[in-house]
Amino acid sequence: LLWLLLLPTLCGLGAADWSAPSLACARGPAFWCQSLEQALQCRALGHCLQEVWGNARADDLCQECQDIVRILTKMTKEAIFQDMVRKFLEHECDVLPLKLLTPQCHHMLGTYFPVVVDYFQSQINPKIICKHLGLCKPGLPEPEQESELSDPLLDKLILPELPGALQVTGPHTQDLSEQQLPIPLPYCWLCRTLIKRIQAMIPKGVLAVTVGQVCHVVPLVVGGICQCLGERYTVLLLDALLGRMLPQLVCGLVLRCSHEDSAGPALASLPSEWSPQESKCQLCMFVTTQAGNHSEQATPQAIRQACLSSWLDRQKCEQFVEQHMPRLQTLASGGRDAHTTCQALGACRTTFSPLQCIHIPHF
């Protein structure tokens, strides 16, 4: 599924809200290198690795990143993997609560799944991806590395077989004519639902461990730091791209859906595979991150809704929220980043190491 995960890189920076707020990143290296999450948000990972966290040579980082991308690409090009994803999505179409949507779901899947797969498999370029992450030096773009999607592709992805109302940018729910279906048919909701189901099935921890095994070049001071880096930032990127940008961009291309109902930060700094002793910090950062995108008035409701996330222990989350709600609300609306907020609450260690490894069980 890397051809979908890496869509933001191929589409250019204007296609999605990838970066952290510009004012925060404008603080410079002191802000960028506080954590891996912030380094990724500000596209300063290469700088932090070379200048702050270790003595990595730029060329080595670039090569290591490209190796990681190639491994993930190879994994996702396997026919058995694609068949598994296709069957999974077909099953999701079959179990939709509103059975009237099932035929349209299968139609959308059958028509556009192969189009998206074929295009992005042919467009994966490790060098471009690693430049976007700040791990390869920027240079003059080569003609075949244009990041903008071509007009012919857009023509293929605007659902020409469906009513004209679906072919223009507009509300995120569009209707078929009353003659075809007597109720509104939310194609964009359907698209996002299927992609979120894919998100839930991907074993991010297993992928991260596989990525960590390719580390053999980077000569950082601390032994094993490359494997740690590979494991940790792979999980972070998968969470970020699958959680927000993948639904936005794929559904935006296929259905021209608007981004009005997008919620949550571009980079959710919460891999579910963190070790048990970090669970309180993890929970706090997730809740705080979810609340950070809302107005002060909407923050309490956003904090409570965060506990409904499928991977959280709901009871522990609600207990945490009840215990910390007044102060959490004040800190979350004060413009601090999630980790700083949770340090202030005592949920996260103040001696946080940006390159602290995660512990993932081997399967």
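Cβ from N, Cα, C; glycine included.
The record in Swiss-Prot lists a disulphide bond between Cys191 and one of Cys105, Cys130, Cys251, Cys257, namely Cys251. Looking up Cys281 in Swiss-Prot gives a disulphide bond to a cysteine among Cys136, Cys188, Cys348, Cys357, identified as Cys348. Candidates considered were Cys62, Cys65, Cys188; the recorded disulfide partner of Cys136 in Swiss-Prot is Cys62.
One residue stands out among the disulfide-bonded residues Cys62, Cys251 for having the most other Cβ atoms within 10 Å of its Cβ: Cys251. Of Cys62, Cys65, Cys93, Cys130, Cys281, all annotated as disulfide-bonded residues, the residue with the shortest Cα distance to Cys191 (disulfide bond) is Cys93. Reported as a whole number, the C-alpha separation between Cys65 (disulfide bond) and Cys342 (disulfide bond) equals 31 Å.
For Cys307 (disulfide bond), the same-chain residues lying six or more positions away in sequence with a CB closer than 8 A to its CB are Val287, Arg314, Cys317, Glu318, Val321.
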